[in-house]
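First up is the structure itself, then whatever we jot down about it.
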Amino acid sequence: MLTVAILAAGKGTRMTSLLPKVLHKLSGKTLLQRVINSCNELKPDKIFIIVGHKSKEVEESVLKNKNIHFIVQNPQKGTGHAIQVLSQEVKKHEGNLMVLNGDVPLIKAETLRDLINFHDSKTADVSLITSRKKNPHGYGRVFTKNNLIERIVEEKDCNKDERSNLLTNAGIYCFSWKRLSKIINTLKSNNKQKEIYLTDTISLLKNSYSFEVEDNGELQGINNRVQLSECEETIQTLIKRKHMLGGVTFINPASCTISEESIIGLDVIIEANTHIRGNSRISNNCRIGPNSFIKDAIINENCEIINSTIFDSKIMDHVKIGPYSHIRPNCEISSKSKIGNFVEIKNSQLDQEVKVNHLSYIGDSKVGKYTNIGAGTITANFDGAKKYQTNIGKNSSIGANTVLIAPINLGDSVTTGAGSVITEDSKNNSLAIARSKQINIENWKKNKS
């Protein structure tokens, strides 16, 4: 049996934030959720999350699962105290207890599984992940003999000689609960910080093993925003490398960010300063960017998106969008359509080969195939209290600077005169003009007063 305890009670003072440290995000997921996800792959019987600072916010952030339980540590007196609090909940547990911090977002399930296997193979009381760091500043030092841990000294308690040791404590433990439960409540706060350290269990347990792994970045804990940024860069490098090896070209990968959930097809070209977020799906032979932002969008084959933003919409094949277009949620742009300069579309369906080339707003609308929307067209869909639908049939031509006052229905092959304000429905094959008659006054003299 395996129980997991994730320590997430701390404030994270060095983050200089109103947000609990474990709720800061990497590539769209909180630090804590990333740790939970890795632990879930081990299929533990239970995961206990030890919370404290802003505990309600932390609990609400976690994706609910029947094997996840929360325990409040109040006050927070250190890592050892957290497990003392936990011990009141798991008195009859049999098997292993894995303990890790909620701020190691890059930890892999494979590494955790290897730790458990190592621990079981040694019949250890405790096994601890360790690594050698070129710069061990901020980490507790681990002192071993024949792979058995003699002691761990927190950096704040290290003397000069102890600080020179490069073997560090990653803060990830696998305990035999049967043995740990006998000594956990004997821990004292005999240190400079007046905290109860979990590391003090090492001297009280007989078979304490070091499980040394290569420091490849996955053990990085997050204590400040510099480290947060470094981890973000690590994640993004891995994501983009995977896509490049899978057939995607990045013109300037360092300037782009891609969510882990996004799927990108073959021969897609991602230009500089492009960001693809959420559950986006981009099919083969598309060109995205430069300077584009796409979130939760489906983009079919052979599309071109330039300097534009697309949210939660579906773009069919051979569509060209941009530059400077904004596709807001709940839009569907059908095949071979063209959305051009400074166009905003919201909650609308455009049938195939529709052209909206310039300076237009299309909201809460349905536009039939082969229709051309002239420059400056506005669908006036909001009366200050309620939004209304605009329907435009196929093969229509909407003149420049037309305002369509919704609710309104234009049939097939309707033409509107440039500058018109259309307030009434128009039937098929009609011309709709609604504008003031031009008056020319000769010999006009401007009043200079």
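Cβ atoms here come from the backbone N, Cα and C positions, even for glycine.
Model, not experiment: these values are computed from the prediction.
Among the features that Swiss-Prot reports, active site, proton acceptor is placed at H358, with the record citing sequence analysis. Sequence-distant neighbours of H358 (active site, proton acceptor) (same chain, 6+ apart, CB under 8 A from its CB) are G340, N341, F342, V343, G374, A375, G376.
According to Swiss-Prot, the feature UDP-N-acetyl-alpha-D-glucosamine binding site maps to 7-10, K21, Q73, 78-79, G140, E154, N169, N223, R328, K346, Y361, N372. The secondary structure of A9 (UDP-N-acetyl-alpha-D-glucosamine binding site), as reduced to three states from DSSP, is coil rather than helix or strand. For A9 (UDP-N-acetyl-alpha-D-glucosamine binding site), the same-chain residues 6+ apart in sequence whose C-beta sits under 8 angstroms from its C-beta are I50, V51, G52, H53, S55, V72, Q73, Q76, A82.
A coil conformation is recorded for D103 (Mg(2+) binding site) in the three-state DSSP classification, outside any helix or strand. According to Swiss-Prot, the feature Mg(2+) binding site maps to D103, N223, an assignment based on sequence analysis.
Residues annotated as acetyl-CoA binding site in Swiss-Prot, with sequence analysis given as evidence: A375, A418, R435. Look at A418 (acetyl-CoA binding site): DSSP puts it in coil.
Annotation comment: Swiss-Prot describes 1-225 as region 'Pyrophosphorylase'. Mean pLDDT for the region 'Pyrophosphorylase' (1-225) in the predicted structure: 93.
Note on the region 'Linker' (226-246): residues 15, 24, 26-27, 105-106, 217, 220, 253, 256-260, 264, 266 of its chain, located 6 or more positions outside it, place their CB under 8 angstroms from a CB of the stretch. Feature annotation from Swiss-Prot assigns region 'Linker' to 226-246; the stated evidence is sequence analysis.
Here Swiss-Prot flags 247-449 as region 'N-acetyltransferase', drawing on sequence analysis.
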From the binding-site residues D103, N223, R435, pick the residue whose C-alpha lies nearest to the C-alpha of R328 (UDP-N-acetyl-alpha-D-glucosamine binding site).
R435
Can you tell me how far the Cα of N169 (UDP-N-acetyl-alpha-D-glucosamine binding site) sits from the Cα of D103 (Mg(2+) binding site), in Å?
14
Please determine which of the binding-site residues listed here (K21, R435) has the lowest count of neighbouring CB atoms within 10 Å.
R435
Quick one: Cα separation, N223 (Mg(2+) binding site) versus L7 (UDP-N-acetyl-alpha-D-glucosamine binding site), in Å?
14
If you measure every Cα to Cα pair among A375, A418, R435, the residues listed for acetyl-CoA, what is the largest value in Å?
17
